[in-house]
Structure formats: C-alpha cells, structure tokens
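Asks: Grabbed the feature section from TrEMBL, which reads as follows:
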- His269: active site, nucleophile (ACT_SITE)
- Trp167, Glu177, Asp197, Lys199, 260-271: substrate binding site (BINDING)
- 340-354: compositional bias 'Acidic residues' (COMPBIAS)
- 340-381: region 'Disordered' (REGION)
Amino acid sequence: MPEQVESSPKLNVSSEIKSPTYDLTKFHLKRILSNNSKCKSITLLGTFPDISETDAAIVVFEKNAYRESDVATEVPADQDADSSPKPSYFSTDLQVRTDFINNIYASFQCVPTQELCTVKGTVIYPATEKHIEKYSICQKYIINETPDLYESITLPYITSSQFSLDWVYNILEHKQETERIVFEDKHPENGFVLLPDLKWDGRNVETLYLLGIVRKRDIKSLRDLNASHLPLLRNLRESAKQAILERYGLNPNQLRMYFHYQPSFYHLHVHINPIRNDAPGIWCEKSHMLDTVINNLELMNDYYQRASLPFVLYEGNKLLELYDKQLEVRQVVAQELSEADEAPEAFTDDEPEEGRECKRIKLSTPQKESNEAELLEMPCA
C-alpha cells in the first residue's frame, strides 16, 4: 500500500505565507475584465503603481457564500456559555432599510454585522497576458480537436507557451502550502496531493472546491492518459472520496470529480466539488467526469489518443489565431434564400392530401434551378 499522510486540520493559516510585496489598498484600476452578477464576483485589471507602473495585476473580489451557522437564531448546544456568540444575520447588529412592502411581499436592504460582510479577494501579480485573457469576457468559439489537430496545432502551442508549473512543484515538494494540504498519497506512480482551490475560502463546506494534483510530472492533460494510468485514476477517485468523507463529512455520492479540457495548467489535476454547487467550468464543453474517463480507458486503452475532444477558445487567445488560420473558425458563411428557394410551408390539419403531397416532394427533393417549362409541368405550382 502506498504511504499516505493526512495533514493537520488547519487550512487558512500557513507559517510559510509571507507578506505580499504589494499593498492591496494601493491598487490602481485600469479596467474591469468581468462582472458576474450570478456568481457575485468582479474581476479587475490594474497595477500597483508604487511598485511598478507596467506590471499588470488582476484582483478578483467575490462575495462569500452563506453558511448555515450564519443564519442560526438559536445558540448551538455545544457552544460554551462563556464564549462569544457566533455572528448571525439575525443579531441586533442587523441594519434594515425598507425598499417596499406590498401585501405579503416585502423587499429590504440589509447590512449585517461587519464579520459577515467580508469579501474574498484573490490577487495575481504580476499577471501575464494569458492570465488577463483567462479572466476577460470575450467571444468564445468551440474547437473540435481531432488527434491530428492536437499533434499539429495544440501540442506545439502548449509546449511553447504554457504557464510556469513551479508553483505546482512547490506543493508536491512541500516547499509551499504544506499546511493547506487536505490529504496526500506519496506513491511516486499513483500518488497525489489534495488541497483547496483558490476559488474556495476553505471554510464553507457548501462551496467546497478541491484540486487533486497527481505526482507524476509527465501527464499534461487528458490527451496523455492511457490504460497504464488506470491504477492512478482509480486511486485518485477512491482515496479522495474517503479523505473528503472523513475530513468534511460529505457523502462520496454527492461529489463531482472531473477534468478540464483544455486545462488552465498542463499538469494533470482533478477538480472536486459538491454536485449541489454550481462551480465554474462544469459545462459540458469543458469538463470530463473522472468516472467517464476511467470507463473510456477500460474500453479502449488509447481512447484519448484517438478521440476528438471539443473545447472552448476565447477571443484574443493565440491558440484561436492558429486554429483560425487553418479552420477559419471565426468565419460565418451567410446563405441568402431567394423567393424561389424559400422553405416549404408546414402541413396543416385541414389541408387536402394533394397539397400535402406537393410539400412532401419539396421537402425530399434537393433544391435546383427551375426553368419555365418545369414550372408549368409541376402539378402543385
């Protein structure tokens, strides 16, 4: 059995964390990259001019998700009588302003205690063009990547221009973030590290978001997987589920475990979150369920070297430029219909059979240019 270790329960505070080189209060906004009203988040592009006028900085502010304890109205039975009460939205600190009241319906603006008003902030500094592209809202295009296109376009591109993986190796080598590790399997072939994703605050289990980062360094993405990796994938699935059950009490059958393609960084990792949480990147053209990946490799050992894999590219992505040169993915060919080429009308219940038969002929016959003689011969013209 591979040696497995579980870290201490601390998640949010690490002795390795150093003070940042920048002062967040001195951030200077250049433009807003995205403003997501559904996720209650906003992404900003700017600089820290006291450090550098040119180095780009990305700041993401996101409203924290609600915890059940935040809306409690009774003191928990296990709470010490001498301890300070936990903050609640329904405390005397709640400030309420009425918008309107209409019969049984009412709308208010509520300002809870300061402790419940915190906003999660994420900073990327200095940010590269790829970071800016990733966090920007722009036009999107579906690419149906065949194995040949992967070899000729995608692979050369990601080999030459991917993000640095030093931060991943720092985690695997215990140089950074060791106290954030939730679970670790040290087996060199089948092992992995489980830790919180940056998108999770590390506290609210309702929005749990973990990454399982494999130890092997030669697997960039789904494209590199084959049947020899099945022991790794099965171990990743079962060990991660057990660790999450023991640590957070979540039912393994309520977890979503999936890969992204294309991934944001090219070192194989699995995303894990509760199925009740609408996590980013779970749409069908982006995510591949771990169970499905395992099943595909059980059926065909080189499935991901043979399969066509769709993925999304954003306007401004250099990979999109490469695909556009070969496939013209941005070009839309507009076909105008003349009056003679208009689509046949739909059938109606009270239409005579002769008229219906005429429409059947139009539906089943390819359109072609009709001369005057043909029009005269058509019984239903």
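Even glycines carry a Cβ here, placed using N, Cα and C.
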Asks: Per 10 Å Cβ neighbour count, which of the recorded positions His260, His269 ranks highest?
Replies: His269
Asks: Ranking the binding-site residues Gln262, Ser264 by other Cβ atoms within 10 Å, which is at the bottom?
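Replies: Candidates: the binding-site residues Gln262, Ser264. Fewest Cβ atoms within 10 Å: Ser264.
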Asks: I'd like the Cβ neighbour count for Trp167 (substrate binding site), meaning other Cβ atoms within 10 Å of its Cβ, all protein chains included.
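Replies: That number is 13.
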Asks: With His269 (active site, nucleophile) as the reference Cα, tell me which of the binding-site residues Asp197, His260, Gln262 is the closest one.
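Replies: Out of the listed candidates, the nearest Cα belongs to His260.
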Asks: Starting from the Cβ of Val270 (substrate binding site), draw a 10 Å sphere and report how many other Cβ atoms land inside it.
Replies: 23
